[in-house]
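Undergrad: Dropping a structure here in structure tokens format, bear with me for questions.
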């Protein structure tokens, strides 16, 4: 049996990893791919980062992942991880609803500090579904193709990754 299709996108903060993943999402969506997964946008109030949400790619449902003003939960930097297990269970149902591909933004220390989210990420990465994930630069995987986004290559990676994804769709 072939190994599951995996692409990991990594690089320095602010280099364009999320932008690249959202462009991949947009183009695959236009081609009628069924896309599931999650992403973790920052939440700002008056230009101050207050925390991060976690949002479903499929439904747009969201919950708090981490907040600066919480006082319980695992602390990562100035944020406290407050993700509720119930939301992760709902997210899991959506993610495994027969997708063509699963997108994750991102797999990092904050996401992995939630036991329920870490378990979901492990379940995704051990599934047979194809996955494209943005990965924190401190985390390494050896079961797929790794793209490091740089200023020099960030404009050409979109076509390269899309070519790899679409050429593999028949094998997915």
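Cβ coordinates come from backbone N, Cα and C, glycine included.
Pulled from Swiss-Prot, these are the listed features:
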type	residues	note
BINDING	11-18, 101-108	ATP binding site
Undergrad: Using a 10 Å cut-off on Cβ-Cβ distances across all protein chains shown, tell me which of the binding-site residues (15, 107) has the largest neighbour count.
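TA: Top count of Cβ atoms within 10 Å goes to 107.
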Undergrad: Which three-state DSSP class does residue 13 (ATP binding site) fall into?
TA: coil
Undergrad: Quick one: among the binding-site residues 11, 13, which has the most Cβ atoms sitting within 10 Å of its own Cβ?
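TA: That would be 11, with the most Cβ atoms nearby.
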